[in-house]
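Okay, so here's the structure we're looking at.
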(Lines of atoms letter the chains of each structure in order from A; the text may use other names.)
(Lines give C-alpha, C1' and ligand atoms only; values in the text may rest on other atoms or scores of the structure.)
Protein backbone atom coordinates (compact mmCIF):
# COMPACT_ATOMS: atom_id res chain seq x y z
CA UNK A 1 0.00 0.00 0.00
CA UNK A 2 1.33 3.41 -0.95
CA UNK A 3 1.61 5.88 1.90
CA UNK A 4 0.31 9.11 0.33
CA UNK A 5 1.62 11.19 3.24
CA UNK A 6 5.21 10.26 2.40
CA UNK A 7 7.49 12.74 0.66
CA UNK A 8 11.15 12.37 -0.25
CA UNK A 9 11.88 16.09 -0.23
CA UNK A 10 12.60 18.03 2.95
CA UNK A 11 12.54 21.41 1.26
CA UNK A 12 11.67 23.20 -1.98
CA UNK A 13 13.60 25.77 -3.99
CA UNK A 14 11.61 28.88 -5.02
CA UNK A 15 13.10 29.99 -8.32
CA UNK A 16 11.40 33.40 -8.17
CA UNK A 17 10.20 35.71 -10.92
CA UNK A 18 13.45 36.06 -12.84
CA UNK A 19 16.84 34.36 -12.92
CA UNK A 20 18.58 37.26 -14.70
CA UNK A 21 21.26 38.83 -12.41
CA UNK A 22 20.76 42.33 -13.87
CA UNK A 23 17.08 42.23 -12.86
CA UNK A 24 17.69 41.48 -9.17
CA UNK A 25 18.10 45.05 -7.93
CA UNK A 26 15.16 46.52 -9.95
CA UNK A 27 12.88 43.68 -8.79
CA UNK A 28 14.03 44.07 -5.19
CA UNK A 29 13.39 47.82 -5.19
CA UNK A 30 10.04 47.49 -7.02
CA UNK A 31 8.56 44.86 -4.71
CA UNK A 32 10.00 46.49 -1.60
CA UNK A 33 8.34 49.76 -2.60
CA UNK A 34 4.99 48.11 -3.37
CA UNK A 35 5.12 46.16 -0.11
CA UNK A 36 5.93 49.31 1.86
CA UNK A 37 3.02 51.17 0.22
CA UNK A 38 0.72 48.23 0.92
CA UNK A 39 1.65 47.97 4.61
CA UNK A 40 1.67 51.71 5.31
CA UNK A 41 -1.54 52.43 3.36
CA UNK A 42 -3.55 49.60 4.89
CA UNK A 43 -2.14 50.19 8.37
CA UNK A 44 -3.10 53.88 8.09
CA UNK A 45 -6.68 52.88 7.17
CA UNK A 46 -6.92 50.54 10.18
CA UNK A 47 -5.45 53.11 12.60
CA UNK A 48 -7.69 55.86 11.24
CA UNK A 49 -10.87 53.79 11.60
CA UNK A 50 -9.99 52.60 15.11
CA UNK A 51 -9.10 56.12 16.33
CA UNK A 52 -12.14 57.87 14.82
CA UNK A 53 -15.42 57.06 16.69
CA UNK A 54 -17.70 58.22 13.86
CA UNK A 55 -16.08 55.66 11.56
CA UNK A 56 -17.17 52.80 13.85
CA UNK A 57 -19.93 51.78 11.43
CA UNK A 58 -20.40 48.50 9.50
CA UNK A 59 -18.98 49.96 6.28
CA UNK A 60 -15.69 50.96 7.92
CA UNK A 61 -15.49 47.84 10.09
CA UNK A 62 -15.57 45.81 6.87
CA UNK A 63 -13.02 48.16 5.26
CA UNK A 64 -10.63 47.80 8.23
CA UNK A 65 -10.94 44.01 8.05
CA UNK A 66 -10.20 44.14 4.31
CA UNK A 67 -7.12 46.26 5.02
CA UNK A 68 -5.93 43.75 7.66
CA UNK A 69 -6.55 40.85 5.23
CA UNK A 70 -4.53 42.72 2.56
CA UNK A 71 -1.59 43.16 4.94
CA UNK A 72 -1.62 39.48 5.89
CA UNK A 73 -2.22 38.34 2.29
CA UNK A 74 0.81 40.19 0.93
CA UNK A 75 2.98 39.38 3.96
CA UNK A 76 2.46 35.68 3.28
CA UNK A 77 4.46 35.81 0.04
CA UNK A 78 6.31 39.09 -0.59
CA UNK A 79 8.86 39.15 2.30
CA UNK A 80 10.05 35.64 1.40
CA UNK A 81 10.21 36.61 -2.27
CA UNK A 82 12.27 39.74 -1.48
CA UNK A 83 14.61 37.69 0.73
CA UNK A 84 15.08 35.06 -1.99
CA UNK A 85 16.08 37.59 -4.65
CA UNK A 86 19.61 37.74 -3.17
CA UNK A 87 19.56 34.35 -1.42
CA UNK A 88 21.98 31.75 -2.81
CA UNK A 89 19.73 28.82 -1.79
CA UNK A 90 16.16 30.22 -2.21
CA UNK A 91 14.99 27.33 -0.03
CA UNK A 92 11.76 26.86 1.91
CA UNK A 93 11.08 23.84 4.11
CA UNK A 94 8.36 21.33 3.20
CA UNK A 95 6.21 22.33 6.21
CA UNK A 96 6.97 26.00 5.58
CA UNK A 97 5.75 25.57 2.03
CA UNK A 98 2.48 23.99 3.19
CA UNK A 99 2.05 26.75 5.79
CA UNK A 100 2.59 29.40 3.13
CA UNK A 101 0.03 27.68 0.89
CA UNK A 102 -2.48 27.56 3.74
CA UNK A 103 -2.22 31.23 4.70
CA UNK A 104 -2.09 32.37 1.07
CA UNK A 105 -5.36 30.56 0.29
CA UNK A 106 -6.91 31.66 3.59
CA UNK A 107 -6.29 35.39 3.13
CA UNK A 108 -7.17 35.28 -0.59
CA UNK A 109 -10.50 33.68 0.34
CA UNK A 110 -10.99 36.18 3.15
CA UNK A 111 -10.54 39.06 0.74
CA UNK A 112 -12.99 37.34 -1.60
CA UNK A 113 -15.68 37.07 1.09
CA UNK A 114 -15.06 40.57 2.47
CA UNK A 115 -15.44 42.14 -0.99
CA UNK A 116 -18.82 40.40 -1.25
CA UNK A 117 -19.80 41.63 2.24
CA UNK A 118 -18.80 45.20 1.32
CA UNK A 119 -20.91 45.01 -1.85
CA UNK A 120 -23.88 43.95 0.30
CA UNK A 121 -23.21 46.86 2.66
CA UNK A 122 -23.26 49.36 -0.23
CA UNK A 123 -26.39 47.71 -1.66
CA UNK A 124 -28.31 48.20 1.61
CA UNK A 125 -26.92 51.72 2.14
CA UNK A 126 -27.92 52.97 -1.33
CA UNK A 127 -31.06 50.95 -2.03
CA UNK A 128 -32.54 51.08 1.50
CA UNK A 129 -30.93 54.14 3.15
CA UNK A 130 -33.66 54.69 5.76
CA UNK A 131 -33.61 51.05 6.88
CA UNK A 132 -29.82 50.71 6.74
CA UNK A 133 -29.17 51.13 10.53
CA UNK A 134 -31.83 48.54 11.36
CA UNK A 135 -30.78 45.99 8.71
CA UNK A 136 -26.99 46.15 8.95
CA UNK A 137 -26.50 46.32 12.71
CA UNK A 138 -23.16 45.98 14.47
CA UNK A 139 -24.15 42.47 15.53
CA UNK A 140 -24.86 41.44 11.92
CA UNK A 141 -21.62 43.06 10.78
CA UNK A 142 -19.65 41.12 13.43
CA UNK A 143 -21.37 37.90 12.36
CA UNK A 144 -20.52 38.58 8.71
CA UNK A 145 -16.84 39.15 9.56
CA UNK A 146 -16.74 36.00 11.71
CA UNK A 147 -18.39 33.98 8.91
CA UNK A 148 -15.84 35.33 6.39
CA UNK A 149 -13.01 34.17 8.65
CA UNK A 150 -14.47 30.72 9.34
CA UNK A 151 -15.21 30.01 5.67
CA UNK A 152 -11.74 31.24 4.67
CA UNK A 153 -9.97 28.90 7.11
CA UNK A 154 -12.13 25.93 6.07
CA UNK A 155 -11.44 26.67 2.39
CA UNK A 156 -7.68 26.89 3.04
CA UNK A 157 -7.69 23.77 5.21
CA UNK A 158 -9.32 21.70 2.46
CA UNK A 159 -6.85 22.65 -0.28
CA UNK A 160 -3.79 22.46 2.00
CA UNK A 161 -4.83 18.98 3.18
CA UNK A 162 -5.14 17.83 -0.43
CA UNK A 163 -1.75 19.36 -1.22
CA UNK A 164 -0.23 17.49 1.73
CA UNK A 165 -1.39 14.18 0.19
CA UNK A 166 0.75 14.68 -2.93
CA UNK A 167 4.07 12.88 -3.28
CA UNK A 168 7.17 14.87 -4.30
CA UNK A 169 10.17 12.95 -5.59
CA UNK A 170 13.45 14.23 -6.98
CA UNK A 171 12.22 17.53 -8.44
CA UNK A 172 11.92 20.13 -5.69
CA UNK A 173 12.35 23.30 -7.78
CA UNK A 174 9.22 25.47 -7.87
CA UNK A 175 9.26 27.90 -10.86
CA UNK A 176 7.44 30.57 -8.85
CA UNK A 177 8.08 33.10 -6.07
CA UNK A 178 5.90 31.25 -3.51
CA UNK A 179 4.26 27.86 -2.93
CA UNK A 180 1.29 28.27 -5.24
CA UNK A 181 -1.11 25.41 -5.98
CA UNK A 182 -0.53 24.83 -9.70
CA UNK A 183 3.30 25.06 -9.64
CA UNK A 184 3.36 22.54 -6.77
CA UNK A 185 1.01 20.19 -8.60
CA UNK A 186 3.16 20.52 -11.72
CA UNK A 187 6.25 19.09 -9.95
CA UNK A 188 4.39 16.38 -8.03
CA UNK A 189 5.07 12.79 -9.05
CA UNK A 190 1.60 11.64 -7.94
CA UNK A 191 -1.75 12.37 -9.57
CA UNK A 192 -3.17 15.83 -8.72
CA UNK A 193 -6.60 14.87 -10.10
CA UNK A 194 -8.42 15.34 -6.79
CA UNK A 195 -6.69 18.70 -6.21
CA UNK A 196 -7.71 20.09 -9.60
CA UNK A 197 -11.21 18.64 -9.20
CA UNK A 198 -11.69 20.54 -5.92
CA UNK A 199 -10.27 23.76 -7.40
CA UNK A 200 -12.67 23.53 -10.34
CA UNK A 201 -15.71 22.66 -8.19
CA UNK A 202 -15.46 24.03 -4.66
CA UNK A 203 -13.14 26.81 -5.79
CA UNK A 204 -15.45 27.85 -8.61
CA UNK A 205 -18.43 27.91 -6.24
CA UNK A 206 -16.58 30.07 -3.69
CA UNK A 207 -15.07 32.54 -6.19
CA UNK A 208 -17.83 32.70 -8.80
CA UNK A 209 -20.49 32.77 -6.11
CA UNK A 210 -18.91 35.90 -4.61
CA UNK A 211 -18.45 37.47 -8.07
CA UNK A 212 -22.11 36.84 -8.96
CA UNK A 213 -23.22 38.35 -5.65
CA UNK A 214 -21.03 41.44 -6.15
CA UNK A 215 -22.24 41.96 -9.73
CA UNK A 216 -25.89 41.57 -8.68
CA UNK A 217 -25.41 44.04 -5.81
CA UNK A 218 -23.78 46.69 -7.99
CA UNK A 219 -26.30 46.15 -10.79
CA UNK A 220 -29.07 46.89 -8.31
CA UNK A 221 -27.15 49.91 -6.99
CA UNK A 222 -26.70 51.31 -10.51
CA UNK A 223 -30.38 50.82 -11.35
CA UNK A 224 -31.40 52.73 -8.20
CA UNK A 225 -28.87 55.51 -8.85
CA UNK A 226 -30.19 55.97 -12.40
CA UNK A 227 -33.55 56.98 -10.94
CA UNK A 228 -31.94 59.64 -8.75
CA UNK A 229 -32.87 63.19 -9.87
CA UNK A 230 -29.53 64.61 -8.71
CA UNK A 231 -26.80 64.61 -11.36
CA UNK A 232 -24.16 65.17 -8.66
CA UNK A 233 -25.25 62.13 -6.64
CA UNK A 234 -25.32 60.06 -9.84
CA UNK A 235 -21.76 61.04 -10.72
CA UNK A 236 -20.51 60.38 -7.18
CA UNK A 237 -22.19 56.97 -7.02
CA UNK A 238 -20.97 55.90 -10.48
CA UNK A 239 -17.47 57.15 -9.70
CA UNK A 240 -17.34 55.16 -6.45
CA UNK A 241 -18.89 52.03 -7.98
CA UNK A 242 -16.50 52.27 -10.92
CA UNK A 243 -13.49 52.36 -8.60
CA UNK A 244 -14.73 49.41 -6.58
CA UNK A 245 -15.56 47.38 -9.68
CA UNK A 246 -12.07 48.09 -11.07
CA UNK A 247 -10.52 46.43 -8.01
CA UNK A 248 -12.98 43.55 -8.27
CA UNK A 249 -12.20 43.08 -11.99
CA UNK A 250 -8.41 42.99 -11.41
CA UNK A 251 -8.65 40.67 -8.41
CA UNK A 252 -11.16 38.18 -9.79
CA UNK A 253 -10.04 38.41 -13.41
CA UNK A 254 -6.45 37.38 -12.67
CA UNK A 255 -7.53 34.85 -10.02
CA UNK A 256 -9.91 33.14 -12.44
CA UNK A 257 -7.41 33.15 -15.30
CA UNK A 258 -4.71 31.51 -13.18
CA UNK A 259 -6.70 28.77 -11.42
CA UNK A 260 -9.81 27.95 -13.41
CA UNK A 261 -8.07 26.30 -16.33
CA UNK A 262 -6.81 22.72 -16.87
CA UNK A 263 -3.47 21.97 -15.21
CA UNK A 264 -2.07 20.98 -18.63
CA UNK A 265 -2.83 24.49 -19.97
CA UNK A 266 -1.16 26.29 -17.06
CA UNK A 267 1.74 28.51 -18.11
CA UNK A 268 4.31 29.09 -15.37
CA UNK A 269 5.58 32.37 -16.87
CA UNK A 270 2.09 33.77 -17.43
CA UNK A 271 0.96 32.51 -14.03
CA UNK A 272 3.77 34.37 -12.25
CA UNK A 273 2.87 37.69 -13.88
CA UNK A 274 -0.86 37.35 -13.24
CA UNK A 275 -0.28 36.22 -9.65
CA UNK A 276 1.64 39.44 -8.96
CA UNK A 277 -1.51 41.38 -9.95
CA UNK A 278 -3.78 39.91 -7.30
CA UNK A 279 -1.18 39.18 -4.60
CA UNK A 280 0.69 42.51 -4.69
CA UNK A 281 -0.96 45.14 -6.90
CA UNK A 282 -4.61 44.78 -5.82
CA UNK A 283 -3.88 44.81 -2.05
CA UNK A 284 -1.71 47.90 -2.62
CA UNK A 285 -4.52 49.72 -4.49
CA UNK A 286 -7.36 48.79 -2.12
CA UNK A 287 -6.75 51.44 0.60
CA UNK A 288 -6.56 54.21 -2.02
CA UNK A 289 -9.53 53.16 -4.13
CA UNK A 290 -11.79 52.50 -1.15
CA UNK A 291 -10.85 55.69 0.70
CA UNK A 292 -9.69 58.47 -1.66
CA UNK A 293 -13.23 59.08 -2.93
CA UNK A 294 -14.69 58.85 0.56
CA UNK A 295 -15.34 62.21 2.21
CA UNK A 296 -15.59 60.78 5.74
CA UNK A 297 -12.22 59.05 5.45
CA UNK A 298 -10.51 62.10 3.93
CA UNK A 299 -11.96 64.37 6.62
CA UNK A 300 -10.90 62.02 9.41
CA UNK A 301 -7.44 61.69 7.84
CA UNK A 302 -6.96 65.47 7.73
CA UNK A 303 -7.95 65.76 11.40
CA UNK A 304 -5.67 62.85 12.29
CA UNK A 305 -2.68 64.43 10.51
CA UNK A 306 -3.51 67.79 12.11
CA UNK A 307 -3.52 66.22 15.59
CA UNK A 308 -0.18 64.49 14.96
CA UNK A 309 1.32 67.73 13.59
CA UNK A 310 0.06 69.78 16.54
CA UNK A 311 1.28 67.27 19.16
CA UNK A 312 4.69 67.05 17.47
CA UNK A 313 5.34 70.80 17.53
CA UNK A 314 3.56 71.80 20.74
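One-based numbering along the chain as shown.
Backbone N, Cα and C define each Cβ position, glycine as well.
Please treat TrEMBL annotations as automatic predictions, because they have not gone through curation.
TrEMBL tags one of the stretches 64-82, 83-101, 102-120 as transmembrane segment, and that stretch is 102-120.
TrEMBL assigns the feature transmembrane segment to one of the listed ranges (272-292, 293-313), namely 272-292.
Looking at the domain 'G-protein coupled receptors family 1 profile' (41-290) alone, the prediction's average pLDDT is 87. Only sequence-distant pairs (6 or more apart) were considered; of these, at least three Cβ pairs between the transmembrane segment (25-50) and the transmembrane segment (272-292) are under 8 A, so the stretches are in contact. Stretch with the most C-beta contacts under 8 angstroms to the transmembrane segment (238-260), considering only 102-120, 140-158, 204-226, 272-292: 272-292.
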